[in-house]
């Protein structure tokens, strides 16, 4: 049923006669004040619009160097994956954060990354990249003076954990390309497209309940290992511009490097970068029946160029230990259900490390977990690696530097209760990797 329109009659309403008001005029002073008020309101409005539209924030990058006299140089400072370099870098980066976050304004200081620690007669020299966000109308030189003033004031107060030589401090504005090149010299750093660091079955065949990757460059070390004519077989992890880390069982059926290709990017089709494989190295003591020593290396015929979307992960020091319930991430193109199809888009899942004592319980894996294996997932199941994820990375975020701690190896089905994923423990094979690659 439709509602009919309501009919109005002019005669239904009495006619109202309004008394005409006598015409009035404002005096000149009141008129002038009113005009000034309107102009002020318009001016404020234009200012606000200009602030948000014209003065968009822009990234500014600087390369700083200074001498620290309270630190004696150690040989391992020259090895970026060493515990000594990592710990000292974090100390310096925390110091820079305290200096600039308090004085640069909310959100102005973004991040710092130590690039190099080198020897000096008086201690050590530090080379570090500093990143800030300021209005685009600001100039790099003006911001540079602001940074220098803030740094010198902090040195005068003498409340820093390190003794820094004031005359040694130098600061140079750099462009985004130079900044990327410097950061690309470090491993395990993720960058967004706007050049801001991003603040997280036992066969070849194995992320259930994960999600699709949010953006290119979120997991830039992830690779797809593909058998020519058969497509995606396994995941792999970029650890240098020519070497990838993967699982030995991925090559069980075919060890001929000429039959394999490697692609990078968040999709298998189309790939972002494609490379041929020149060499395959399988651990000499790999045992397929027990899954022990399930680790292999693949060398590319042509090196890859590091960028925001293709980057190497850090190899951990052999002494790195992760306690149970440490948050880690597994990524891959594997199926999302047991025996399901490979996914074209890269997926990720957050899982937790599980102690070997728990994993070796009779109701879990009943003693099958060896020192070279690492369990991760949840005892209640639901989130896990699966078919097609094998060989891919399990990574750990240590203060925005990412380390590969596991390689997807085996498990009983996918995401079952009391059957977490089992990974090759990378720290156990750190010396083996170094002996084969020099890394």
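Here the Cβ of each residue, glycine as well, is placed from N, Cα and C on the backbone.
For residue 249 (active site, charge relay system), the Cβ neighbour count at a 10 Å cut-off comes to 25, with all displayed protein chains included. Look at Swiss-Prot and you will find 249 (among others) tagged as active site, charge relay system, backed by similarity to another entry.
For 294 (among others), the entry in Swiss-Prot reads active site, charge relay system, with the evidence type similarity to another entry. Secondary structure at residue 294 (active site, charge relay system), taken from DSSP and collapsed to helix, strand or coil, is coil.
According to DSSP, residue 390 (active site, charge relay system) sits in a coil region rather than a helix or strand. If you look up Swiss-Prot, you'll see 390 (among others) marked as active site, charge relay system.
Other C-beta atoms found within 10 angstroms of the C-beta of residue 234 (disulfide bond) number 30, with every protein chain shown included. Annotation source Swiss-Prot lists disulfide bond at 234-250 (among others).
Positions annotated as disulfide bond by Swiss-Prot, on the basis of sequence analysis: 359-375 (among others). In the three-state DSSP assignment, the secondary structure recorded for residue 359 (disulfide bond) is helix.
According to Swiss-Prot, the disulfide bond annotation covers 386-414 (among others).
Annotation source Swiss-Prot lists domain 'SEA' at 58-176.
Summarising the annotation, Swiss-Prot assigns domain 'Peptidase S1' to 207-438 and lists sequence analysis as the type of evidence.
The feature topological domain 'Cytoplasmic' is assigned by Swiss-Prot to 1-33, with sequence analysis given as support.
The annotation topological domain 'Extracellular' is assigned in Swiss-Prot to 55-439 on the grounds of sequence analysis. Summed and averaged per residue, pLDDT over the topological domain 'Extracellular' (55-439) gives 90.
Positions annotated as transmembrane segment by Swiss-Prot, on the basis of sequence analysis: 34-54.
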*If one measures from the C-alpha of residue 386 (disulfide bond) to the C-alpha of residue 359 (disulfide bond), what distance in angstrom results, rounded to a whole number?*
18
*asked:* With the cut-off set at 10 Å between Cβ atoms, which of these disulfide-bonded residues ends up with the most neighbours? Options: 250, 359, 375, 386, 414.
replied: 386
*Spatially speaking, which of the recorded positions 234, 249, 250 is closest to residue 294 (active site, charge relay system)? Use C-alpha to C-alpha, please.*
249
*Cα separation, residue 414 (disulfide bond) to residue 359 (disulfide bond) (Å, whole number)*: 15
_Spatially closest candidate among 234, 249, 250, 375, 414, the listed recorded positions, to residue 390 (active site, charge relay system) (Cα to Cα)_ = 234
*Going by DSSP, how much of the domain 'SEA' (58-176) is helix, how much is strand and how much is coil, in residues?*
45 helix, 42 strand, 32 coil
